[in-house]
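Colleague: Quick one: the structure is below, questions incoming.
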Amino acid sequence: MSAGRAQRWVFVVKKGYQDTDTSLQSSVITKLKGVAFTNTSELGERLWDVADYVIPPQGENVFFVMTNLIVTPNQRQTTCPEVGRTESFGSQTPTKLGSVNIPDALCHQDEDCPEGQAVVAGNGVKTGRCLKDRDSIRGSCEVLAWCPVEKRSKPKKPLLASAENFTVFIKNSIRFPKFKFSKMNVLATNNESYLKTCHYSMEHPYCPIFLLGNIVRWTGNNFQEMALEGGVIGIQIEWNCDLDQAPSECNPHYSFSRLDNKFAEKSVSSGYNFRFAKYYRDAKGIEYRTLFKAYGIRFDVMVNGKAGKFNIIPTIINIGSGLALMGAGAFFCDLVLLYLIKKSNFYRGKKYEEVKSSSRKSLTSPTLNGSQSPDQLGGL
Amino acid sequence: MSAGRAQRWVFVVKKGYQDTDTSLQSSVITKLKGVAFTNTSELGERLWDVADYVIPPQGENVFFVMTNLIVTPNQRQTTCPEVGRTESFGSQTPTKLGSVNIPDALCHQDEDCPEGQAVVAGNGVKTGRCLKDRDSIRGSCEVLAWCPVEKRSKPKKPLLASAENFTVFIKNSIRFPKFKFSKMNVLATNNESYLKTCHYSMEHPYCPIFLLGNIVRWTGNNFQEMALEGGVIGIQIEWNCDLDQAPSECNPHYSFSRLDNKFAEKSVSSGYNFRFAKYYRDAKGIEYRTLFKAYGIRFDVMVNGKAGKFNIIPTIINIGSGLALMGAGAFFCDLVLLYLIKKSNFYRGKKYEEVKSSSRKSLTSPTLNGSQSPDQLGGL
Amino acid sequence: MSAGRAQRWVFVVKKGYQDTDTSLQSSVITKLKGVAFTNTSELGERLWDVADYVIPPQGENVFFVMTNLIVTPNQRQTTCPEVGRTESFGSQTPTKLGSVNIPDALCHQDEDCPEGQAVVAGNGVKTGRCLKDRDSIRGSCEVLAWCPVEKRSKPKKPLLASAENFTVFIKNSIRFPKFKFSKMNVLATNNESYLKTCHYSMEHPYCPIFLLGNIVRWTGNNFQEMALEGGVIGIQIEWNCDLDQAPSECNPHYSFSRLDNKFAEKSVSSGYNFRFAKYYRDAKGIEYRTLFKAYGIRFDVMVNGKAGKFNIIPTIINIGSGLALMGAGAFFCDLVLLYLIKKSNFYRGKKYEEVKSSSRKSLTSPTLNGSQSPDQLGGL
C-alpha cells in the first residue's frame, strides 16, 4: 500500500534511522607531473615543465593546464595599426581583417580615428591617424597600445599535444566534524612505489593519480580536440559513508564530466582561453612584455558527501510519522466508503448522523446508545 | 483549518509533488574586455589592457579588476629609513609620519632601533641606526628592506577611472546530474554579432555581457567612489527550474549585491586592496622589483539553483503526511481500542462488522443505531 | 513518551517554529602583515615581505604563506644530466640518486636514453646520450630541460621560521538575503588603534587579527614542524544567528582544524608544496628563470551559517505533524466535543463512561450497541 511503500523508502533508501552529517570539511591538493617539448617559429626549441604550463602554480582544487597558446613576444608601449599588419601583412590585408574582426578600427581618413578614443573590442586607444596602404582606400586606425598587437590566427593543432600524458596527483582529505571522522583518498596501505607507478582506472580505484588523457576520455571527449580550443572539466569526488559500518567501507567515488558546453563548438562561447603576460625590462630599464593567449583545460575538483550514523531521534521521528502515514489509512477508508462506493448514502447518513448527534441534541442521538432505551421503552 | 493551510503551502509553494535536485554542477568562465589610458608621473603615458589589470588572469568565477594603484618602482634590497623620506620628504616629515603610521619606527637615538628586530606593521628589519634630520629630535629607524619603501599617500581620484566602461562576458554552464539536464546562460539562438554588441539590461535579460559600471550601479553604489577604495561585489546567478515545463522556461536570474561593508567607509576595514610585485634583473643580475598596491573591485560570481521534476514518492510522502495531519487520530483510537484494551474482542467485532455493514446491506447494521429500533420494535 | 520527546526536540533543538535562511552570502578579504629576514648561500641576505611570500597576492579566502623553499637560480633551456650532478656532485653520486629517485634516467649506454623520450617523473626529454663518470658503470641520461635541474635536498629547518609571528587580518562580511540582514566580523565599535594592536584570543573573541603561530597551535600542531613540510589549515567561521534576538547577539564563531592528513608524516602524501618560477631576460634577450619549490601553509577560510526568524508556517507544520504523531485528531475531536459545544455534558458523560467501560467490565458497555438490545428486550 502507498504509505507502506513510502515508509519503506524512507527507511531503506533514505536511511531514516540515521543522523547525517553533510557539513563535509575537505581539502584538495593537486600536483601535476610531465614535460612537453615544442619547436615553433616564435619560441624555437622549448621544453615546458610544470612551472611553465600550470596556472595558477599553487596546486589547489582548480587548476589549468595550458595545451595551446598564441605568443606575441616583445610588446612595447608604442603606436601601431590596430589590425595586425606588422606580422601577417602578406596573408591578411588590414582592410579585410579590420572589417571582419574590429569594425571600429576600420577607417577611410584620419577623421574616422578620433584621438584618445578606445577601440571597441580592440587593443588600444586611437592616436587620430588612419594608416592606409598605397593601393587600398580603407585602412586601420593607428593606436597607442602594447605593440605589435596580437595576431588573430590560431594554430590548427595543439602546441602541447603531449599534455595528454601528463599525470595529476589529487590528494583529498575529508572530515565529518559531527562524527569526528577523517579520511584520505590515499590509502594508508599504499607503498611509495605503488603511488609512483599506478594510474587510476577500474583496476586501481584507489590510486589517486590520473592521466589527463583518461580524465578527458571518461567525459566522452577527445583530448586533442579539447586541447585545441580549451574547455572545463569537473572531477567530482563523492564520499557517501555509512559510519555504522567499518571505516574501510567509506571510500571516495570519482566521476568526471565536461562542465562547459561542448556543443557550442564553433560559437563565440566555445572553449576556454585567457591572456596573461610576462614583463621584462631591457638594459635601459624600459618595460616590455611577452603576451600569451593560453588555451587549455581547466579542471575543477569538487568534493561532496555525507555520512550517516544510527541515532535514536531521527528514528523516532521517522517511525512516528511513518505510523502517522498509516493513520491516514483510516481516513482513506472513509473516503472510499463515503464517495467511492455505490449505495453509500446509507453509511454517509449514519456517519454524519453521529457527528450531528454530538453537535445538537437530536432525537437520533439517544438511539446511539442502548442506555437510553429504557427511557424510550418508558416512553412507549 | 491550520493543517489544511499548511498542506496547501507544502504543495503549491514548496512544490511538494516534485523530486528536487539541488546538487548543481556549474562552471563559470569570465572574460574582460577594455583598455584604459593613463598618464602619471611614475609611469608616464601607459596603456592598460586585460593582461595588465585583471588579476588573476585565468577567467574564473572570482576576478579582480584593478582600478587604482600606488606604484613603487625600482625597489632593491638595501637599507633606508622605514618612514618614506626618500620620495616625499618635503611634504611629510618622517617624525610626523612615523608617529602617525608606524610608531615602532619612531626613534630618538640608535638604542630605539635594536638591530635585527622587525618593525611592527613596517616594511623591514631594523639595522640599529636612527636616522634623524639635523633639526628634528625625532627620527626614523633605518631598516633593511625593499627600498625605497612604499609611500603612504593615496591618489584622490581612481587611476583607471575608465574601467567603468569595461565589459565582462560571463559564461555559465550548469548541469543537474539527477535529471541529466544541462544548460548555458548564453542562448543558442544568439548570433555572433548580437553577442558582440549587446549589454545585459532589462531589455536584454539573456545577454551575458555586463558593463562593470552597470553592475556597480545595480548594487546601489557609485563606481568612481568604489574604484578609489576598492570593494567586493557579488554576482548571483540563480537557476530555479521546473523541469515539468519546457527547457526554454529554465533561465538564469541575475542579482547583484555589494558583499563588503560599504558603511565602514573611513575605517580600517573599508575597501579592498592588496600588494604584488613584478621582479626584474638588471644587467649585473641583481634583482629589483616594482611594487604595486592595487585597489580595485573583486567580483564573485556565485551560481546556485535547484530543479524540480514530478516524482511519485515525494507526492505520496507529502499527501500521506498531509492526510496524516488530519487522519492519524482515528487510527490511534483504534489502536487503543483494538489492541491495548483487555476484552476488546467484542469491540473489534463491531468495528469490522461496521465496515462490512457499509459494503453490503447487512442485518447487523441496523442494530448499530437506535434509530432503527422502531422498526425492530415494530417487528416485535 | 517517545513522540513527545521527538516533538520537544523538533521545537527546542531544531527551533521548529523558525523560518531559516541557509543561503549565506559571504565575502572574505584577508591581509597579511610581517617581514622575515633570511641569509642563505643561494640568496644571500634577503628580506621577505608580503609581496614575496603570499601566493596568490590578492587576499582571497584561500591564501598560501611560504615558509620554506628550494631555489634553483639561473635555469636556462639547454642540456644537462637529469640527475643533479651540476651542483651537488660530491655529495650525491648520480648513480645512487638515479637509482633512488628517477629510475627512468638511469643508464648504462646511450641506448638506454632514446632521444626525444620524456623522463618519467623527471625534468626533461632525453637527448640520446648517457652521461657517465669515468669510474662508474652507471650514469644519468642527458636531458633537454631547464638546466641545471632542481636539487632534491630539502632544508632541515624552515627558511622563513619567523612566519610564526606574521599576522593575518580576516575581514568577513555576511548577508542573509531572505531576512535582509548584514553583518561583519569587525565590530563597528572597535577603534583603529584597537584593530592595530589586538590579536584574536579567548580574551579578544571579536578581534579579527590572527597570529599564524596561534592558528597552527589551536589546530594542535607545531608551527615549525608544519613550516618545514607544509600543510593545509582550515579556518571555519560560523554564523549561527537567531534573528528573533538582538543583532548584537549574532556573532561569528571561529574554529581551526588541520585539513590535510598530518599522520601521513613521512609518506608521499605528506605536506604541501608546489613549484613556480620567475622569468627574466638577459641582455641578449635570452630567457632564463629562477625556479622555486615552495613549501608552506595554505589557509582556507570557510564561512557558513544560518539564520532563523519566527514564522507562522513552519510553526503550524511542526505543531501539526507533531500533534499528528500522537493522534491529534482524536484529541481535537474531543476538544470540540468536550469543551466547545454547548450542552456537551451528556456526551462527556458518555465519553468517560465509555473509557471506564472498556477498562473494567461495566453494565453500560453493552448499551453501546444495539446488537445487545435483544438481550435487553429479552430482559423485559
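Cβ atoms are placed via backbone N, Cα and C, with glycine included.
Note: TrEMBL annotation is automatic and uncurated.
In case it helps, TrEMBL gives these features for our protein:
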type	residues	note
BINDING	B:Lys31, B:Leu32, B:Lys33, B:Thr167, B:Asn273, B:Phe274, B:Arg275, B:Lys293	ATP binding site
COMPBIAS	B:360-380	compositional bias 'Polar residues'
DISULFID	B:Cys80-B:Cys147	disulfide bond
DISULFID	B:Cys107-B:Cys130	disulfide bond
DISULFID	B:Cys113-B:Cys141	disulfide bond
DISULFID	B:Cys198-B:Cys207	disulfide bond
DISULFID	B:Cys241-B:Cys250	disulfide bond
CARBOHYD	B:Asn165	N-linked glycosylation site
REGION	B:357-380	region 'Disordered'
TRANSMEM	B:319-341	transmembrane segment
Colleague: Compute all pairwise C-alpha distances among B:Lys31, B:Leu32, B:Lys33, B:Thr167, B:Asn273, B:Phe274, B:Arg275, B:Lys293, the residues listed as binding ATP, and give the largest one in whole angstrom.
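Modeller: Farthest-apart Cα atoms in B:Lys31, B:Leu32, B:Lys33, B:Thr167, B:Asn273, B:Phe274, B:Arg275, B:Lys293 are separated by 25 Å.
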Colleague: Near B:Cys241 (disulfide bond), which residues of its own chain have a C-beta under 8 A away, given they sit six or more steps off in sequence?
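Modeller: Once residues fewer than 6 apart are set aside, B:Cys241 (disulfide bond) is near B:Phe176, B:Phe181, B:Glu249, B:Cys250, B:Gly305, B:Lys306, B:Ala307, B:Gly308.
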Colleague: Relative to the Cα of B:Cys141 (disulfide bond), which of the recorded positions B:Cys107, B:Cys130, B:Asn165, B:Asn273, B:Lys293 have a Cα no more than 10 Å away?
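Modeller: Near B:Cys141 (disulfide bond) by Cα: B:Cys107, B:Cys130.
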Colleague: Would you identify the secondary structure of the residue listed as 'N-linked glycosylation site' according to DSSP, in three states?
Modeller: helix
Colleague: From the recorded positions B:Lys31, B:Lys33, B:Cys241, keep only those with a C-beta under 8 angstroms from any C-beta in chain A, and list them in sequence order.
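Modeller: Checking chain A against the recorded positions, the residues within range (Cβ-Cβ under 8 Å) are B:Lys31, B:Lys33.
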Colleague: In the structure shown, with every protein chain counted, which of the disulfide-bonded residues B:Cys141, B:Cys198 has the densest set of Cβ atoms within 10 angstroms of its Cβ?
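Modeller: Counting Cβ neighbours within 10 Å, the top one is B:Cys141.
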Colleague: What subset of the recorded positions B:Cys141, B:Thr167, B:Arg275, B:Lys293 has a Cβ positioned less than 8 Å from a Cβ of chain C?
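Modeller: Sorted by position along the sequence, the hits are B:Arg275.
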Colleague: When the Cα of B:Cys130 (disulfide bond) is compared with the Cα of each of the recorded positions B:Lys33, B:Cys80, B:Cys147, which one is closest?
Modeller: B:Cys80
Colleague: Relative to the Cα of B:Phe274 (ATP binding site), which of the recorded positions B:Cys107, B:Cys147, B:Asn165, B:Cys198 has the closest Cα?
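Modeller: Sorting the recorded positions by distance from B:Phe274 (ATP binding site), the top entry is B:Cys147.
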Colleague: Where B:Leu32 (ATP binding site) and B:Cys147 (disulfide bond) are concerned, what is their Cα separation in Å, rounded?
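Modeller: Answer for this pair: 34 Å between alpha carbons.
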Colleague: For B:Thr167 (ATP binding site), what is the tally of other C-beta atoms lying within 10 angstroms of its C-beta?
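Modeller: Excluding its own Cβ, B:Thr167 (ATP binding site) sees 19 Cβ atoms within 10 Å.
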Colleague: State the Cα to Cα distance, in Å, between B:Cys147 (disulfide bond) and B:Lys293 (ATP binding site), rounded to an integer.
Modeller: 15
Colleague: Looking at the disulfide-bonded residues B:Cys80, B:Cys113, B:Cys198, which has the shortest Cα distance to B:Asn273 (ATP binding site)?
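Modeller: Considering only the listed disulfide-bonded residues, the nearest one is B:Cys80.
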Colleague: Within 10 Å of B:Lys33 (ATP binding site) (Cα-Cα), which of the recorded positions B:Cys80, B:Cys107, B:Cys113, B:Asn165?
Modeller: B:Asn165
